[in-house]
Amino acid sequence: MAPWPELENAQPNPGKFIEGASGPQSSIPAKDKEASKTNDNGTPVAKTELLPSYSALVLIEEHPEGTDPWDLPELQDTGIKWSERDTKGKTLCIFQGVGKFILLLGFLYLFVCSLDVLSSAFQLVGGKVAGQFFSNNSIMSNPVAGLVIGVLVTVMVQSSSTSSSIIVSMVASSLLTVRAAIPIIMGANIGTSITNTIVALMQAGDRNEFRRAFAGATVHDFFNWLSVFVLLPLEAATHYLEILTNLVLETFKFQNGEDAPDILKVITDPFTKLIIQLDKKVIQQIAMGDSAAQNKSLIKIWCKSITNVTEMNVTVPSTDNCTSPSYCWTDGIQTWTIQNVTQKENIAKCQHIFVNFSLPDLAVGIILLTVSLVVLCGCLIMIVKLLGSVLRGQVATVIKKTLNTDFPFPFAWLTGYLAILVGAGMTFIVQSSSVFTSAMTPLIGIGVISIERAYPLTLGSNIGTTTTAILAALASPGNTLRSSLQIALCHFFFNISGILLWYPIPFTRLPIRLAKGLGNISAKYRWFAVFYLIFFFFVTPLTVFGLSLAGWPVLVGVGVPIILLLLLVLCLRMLQFRCPRILPLKLRDWNFLPLWMHSLKPWDNVISLATTCFQRRCCCCCRVCCRVCCMVCGCKCCRCSKCCRDQGEEEEEKEQDIPVKASGAFDNAAMSKECQDEGKGQVEVLSMKALSNTTVF
């Protein structure tokens, strides 16, 4: 043991202490500073002086580490305890609890109904365009194009069930093969995860809540994307899903059965049908190539109609077209016969708001889209507020322990699989994975459910929605039973394969880590969440679809270099993180690139500038030009004019001008509490200088 243990880690590097420390600081503990601020000689001690080398404060004092933002918050009960209430207070508390529970159910009901109306609004806005995507059979044979078509169509109609029913109809009519339909099913699985991502945006008010909520929503996205990246090439090379589902259909003799029970629809349909009703057969007719369906409206007008079959005299080209010789005659000019003519007679109109309006589908869709988003946002805010007021103290502790605690050893590994079964069962009950994951998102945001527990619940919801599709396929007519059942089984085994890839082994649970990383970025730069939503669900699929229209050579020529570049960046990032010593000094960080290529800070400055364009005296053009120059330059010496800088940036520059030195061999690096408080900004500047932003854009 060293004779001076407090000097074991001393580094004889002169000039490390902060300039202005003119002498040794007192060894009096920081908590006694207020009582005595003199050293051993009785002279006043400067606030920036260092402790003497013989002080053991550095060995005793424990510096509190930063709290993990992913830790579930402690929901403390700040109200009056139950034991301290009188009879009147207890009665009032009971009525308040019952009232909050009723309000919670009411807002949850409106939340689910707004999701249904939102789906109808998306179908009115983009349903016909989605049907036209399916009508181009030459593009559908391309697996990559089929994948992005599935994403775009499901995003537009906000329902994987609708897109799946269109695919089943096309396969049953021999317009599409099962092999070509499998990539579309994979794309539909990705597109359905946009709903809970939109819901997570509503919690952007609080950074920590938004961090958890957005990560909990995007864990579904990353699971679907990663599964597609692995299984789509595998399916294109081996066709294992097609072969496996064929084997299942040949082994088991399936017969027509009853449809899946509509438990949630029974509750929500009476309300949503008063707002809007759609004729979803129009989208299927457009996808089947019926040109007459282009002029039809998706808004359902007549709900009751009867079919009359009457005998009528009709003209035919010749006697060969007559129904029978006895029912055929001619008047010298035309040939007549008697035929049964079927006429559809409308009896009663539907009872919804837009039944008597002559507005086009696009206008009605925009109105419903705006209203449903407002209601969705309001309901979500109220649900979060009510849950935050109810889930306090012992109630929150019990719920969090129930949801997030594992089974005792050695059965802890079974907890996640039980959560998968729970997620599948709940999704089967509500008949929609979007509803289940969207309802779970605010619970993740307020800290009731952890990301690690939300992940298996989300995987279970993927399984639950496919079991619903299988039951719906069993209720299909005889001519479409096999095709619809095979499509549903392909969807089922695709999700099972994804779970086998990304869940059983803990280190393969990449969606959790990726979602947490995206949650951290989105919490710091909240505009990035909107960018992620637009880029990955609209821009990328539309770009790939446009390249697919140009043919395979163009798609490969543009796509392969981009994929190789992304793989190169990923490999370099892994080497920087795991074993940077094997890399050249220049490649150990991203500072060799311009700042705008490896950091979101310049982009954040541009967006902040765009949102506060007219709040300062400096003209907008001057500020934009100055900021763009600094962004492109990436040099630390580059400075904008004073009028273009924020006040915070000017203060930060003043802090960065403080010279820094290292302590000598016999200088204690520990500072008193008072000195730490005074120099907190300086230490933060030092740490910011030491760390480089490795966020690759």
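In case you wondered, yes, glycine gets a Cβ from its N, Cα and C as well.
The structure displayed is predicted, hence computed values, not measured ones.
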(message) Tell me which residue from ASN41, ASN308, ASN340 Swiss-Prot records as N-linked glycosylation site.
(response) ASN308
(message) Looking at ASN295, ASN520, ASN693, which residue has the N-linked glycosylation site feature per Swiss-Prot?
(response) ASN295
(message) Confirm whether, per Swiss-Prot, THR611 lies on the same side of the membrane as SER163.
(response) yes
(request) Name the cysteine that pairs with CYS350 in a disulphide bond per Swiss-Prot, restricting the answer to CYS303, CYS322, CYS379. (result) CYS303
(message) Annotation N-linked glycosylation site per Swiss-Prot: which of the candidates ASN136, ASN356 has it?
(response) ASN356
(message) So one of ASN313, ASN321 should carry the feature N-linked glycosylation site according to Swiss-Prot; which one?
(response) ASN321
(message) At a 10 Å cut-off from the C-beta of ASN356 (N-linked glycosylation site), count the other C-beta atoms across all protein chains.
(response) 8
(message) Take the C-beta pairs under 8 A between the transmembrane segment (527-547) and each of 92-112, 137-157, 214-234, 487-507. Which stretch has the highest count?
(response) 137-157
(message) On the three-state reduction of DSSP, what should I expect for ASN308 (N-linked glycosylation site)?
(response) strand
(request) Please report how many Å separate the Cα atom of ASN295 (N-linked glycosylation site) from that of CYS350 (disulfide bond), as a whole number. (result) 20
(request) Kindly say whether the transmembrane segment (214-234) and the transmembrane segment (487-507) touch, using the definition of 3 or more Cβ pairs under 8 Å where each pair is 6 or more positions apart. (result) yes
(request) May I ask you to report the DSSP-based helix, strand or coil state of CYS303 (disulfide bond)? (result) strand
